[in-house]
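Visitor: Submitted below is the structure of interest, expressed as structure tokens.
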Amino acid sequence: MTQAKGTPGDGDLVDDRYDADGKLVVPAHVADAVRTLIEWAGDDPAREGLRDTPKRVARAWKEYCQGYSEDPSVHLSRTFEEVGGYDEIVLLRDIPFQSHCEHHMAPITGKASIAYLPRDRVVGISKLARVLNGYARRLQVQERLTAEVARCIWDNLQPQGVAVVIDAQHGCMTGRGVRTPGVGMVTSRLLGCFLDDERSRKEVLSLMGY
Ligand SMILES: Nc1nc2c(ncn2[C@@H]2O[C@H](COP(=O)(O)OP(=O)(O)OP(=O)(O)O)[C@@H](O)[C@H]2O)c(=O)[nH]1
Ligand SMILES: [Zn+2]
């Protein structure tokens, strides 16, 4: 395992190889698979504009799926004990993200709001978005993505409560199939006090704008 060249984030460990230009080496069978798909779609993979496309597509998919090369919980390993007496909700609202659905490998684009009520430890706020990206950059269903983000925060920060709400559009519903542009899917996962206590739940959902 080597540290990925030029890729951001703590703990992004991958075992990929890079060429002299620093580009990811694409195995022949992977490029061939993309060529087959282009042909199947009805175009000629040998024409000039498509000649380098299989390698580009392969590299793009490695990037879309970068989450497989990391354990998102590493982002929550550095916590701060001192919260200066702060015992209220911490919320990161409307974090934009992109994922891909596991059914069609079509884009899922949307925003997530992530909140927690600390017990005695807080975390750098950017880390919540990093956890989201760690799970979003995989082939997903929205329900699982929502649950995985909430569970990761719950297990690693052991807070009093966690709330995750995701509102996203699915490319497989907008660009194909039923073709309903503008339709949002909303999913939520509430744990601890946000699940058990109605006042806490109302407060966090209202802070999120729901
Ligand atoms: N619950 C859920 N469904 C999803 C998600 N992403 C895509 N889907 C749905 O997965 C389903 C797959 O259904 P299938 O009938 O197997 O596939 P399909 O024939 O391509 O279906 P259509 O999309 O209706 O054309 C579709 O209804 C999609 O809308 C997701 O994140 N959560
Ligand atoms: Zn889909």
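Every residue, even glycine, has its Cβ placed from backbone N, Cα and C.
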Visitor: Return the residue out of CYS172, CYS193 that TrEMBL annotates for the same Zn(2+) site as CYS101, HIS104.
Guide: CYS172
Visitor: List the same-chain residues at least 6 positions away in sequence whose Cβ sits under 8 Å from the Cβ of HIS104 (Zn(2+) binding site), in sequence order, or say none.
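Guide: Residues satisfying the criterion: GLY171, CYS172, ARG176.
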Visitor: Helix, strand or coil for CYS172 (Zn(2+) binding site)? Use DSSP.
Guide: helix
Visitor: Would you mind pulling the DSSP three-state label for CYS101 (Zn(2+) binding site)?
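Guide: CYS101 (Zn(2+) binding site) sits in a strand per DSSP.
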